[in-house]
Amino acid sequence: MNGDSSSQSKVPPPGVWAPAITFFDPEDELDLDSQAKYYRYLSQHLTGLVILGTNAETFLLTRDERATLLKTARDAVGPDYPIMAGVGGHSTKQVLEYINDAAAAKADYALVLPCAYFGKATTAKVITNFYDEVAAKSPLPIVIYNFPGVCNGVDIDSDVMTELAKKHKNIVGTKLTCASVGKITRLAATFEQSEFAVYGGQSDFLLGGMAVGSAGCIAAFANVIPKTIKHIYDLYSQGKHAEAMKIHRKAALAESLSKSGIANTKYAASLTSAKSAGIEGAEEKLRPRRPYEQPSEATKKDIRGKMEEVMKIEDSL
């Protein structure tokens, strides 16, 4: 498979995906038993999983650890469940190595950030050249990942994505953590969902995105209340817009806690999905990887308060 192929690559299915978080033991090593339980639990409630997304603390992992998590995920969820592998790196060569590792681990798609370590040098031409080469050489379909917050402010224009997707049949979608509903609208006006899947990168604009043609979301908060986010998606898809909006607004208010970083998201998940997955001692296992720190006790109290109402909804589903 390559970007010059005349046949359309498989497009990821619409719905709600979670960029799964990572569990560590007290020595700061991967806790694979907990990880497998967690992947398995999320797979029972969500459309697909992103393994090695931003919320996996991927840039804090070694190449071997990345490959290990992908293998653990595939073993945990079975051969047919959709897996998208985050393959972010700082050079084209690195990214292609990560894509080959993902293919070897039987991932279905590669989620590709632009290389933007040197932000001012990451021009539109650099971005286009990068995705051209990756698409031409990748054994997996490519999903463009636009997240200016982790890419030195580099923000990929919808026109650039359109040009790339029309040129390369194995560029099959995008995750827009830039939160631009305008980009969703333009891309949905250009491509059928069967050609190119456009996902919101957070769940707090899930319905805004769906209203203009998104394929759903790939959202950190789907780690925390997976059943609730999927329920909102399903209600809206069934035409129950008022009911969906009522829950969506409550979830969006709670989701504000995750905007402060991975530590808050992981702590919130320790209260909900990790417990539901049967993981003991989840709070300790969900500390961020060193050198980063867990939330303060005051912040944890605030998170518990913001989560109270949506935890009741999650438990009821």
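Here, residue 1 is simply the first one shown, and the rest follow in order.
Glycine too: its Cβ is placed from the backbone N, Cα and C atoms.
Just so you know, TrEMBL annotations never went through curation; they're auto-generated.
These numbers come from a predicted model, not from an experiment.
Feature annotation from TrEMBL assigns active site, proton donor/acceptor to Y145. Annotation comment: TrEMBL describes K175 as active site, schiff-base intermediate with substrate. According to TrEMBL, the pyruvate binding site annotation covers I218. Residues or ranges marked as compositional bias 'Basic and acidic residues' by TrEMBL: 282-305. The region 'Disordered' feature in TrEMBL is assigned to 274-305.
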Between the residue listed as 'pyruvate binding site' and the residue listed as 'active site, schiff-base intermediate with substrate', what C-alpha distance do you get in Å?
7
Most Cβ neighbours inside 10 Å, all chains, among the recorded positions K175, I218:
I218
Roughly how many angstrom lie between the C-alpha atoms of the residue listed as 'active site, proton donor/acceptor' and K175 (active site, schiff-base intermediate with substrate)?
5
Using a 10 Å radius around its CB, how many other CB atoms surround Y145 (active site, proton donor/acceptor)?
29
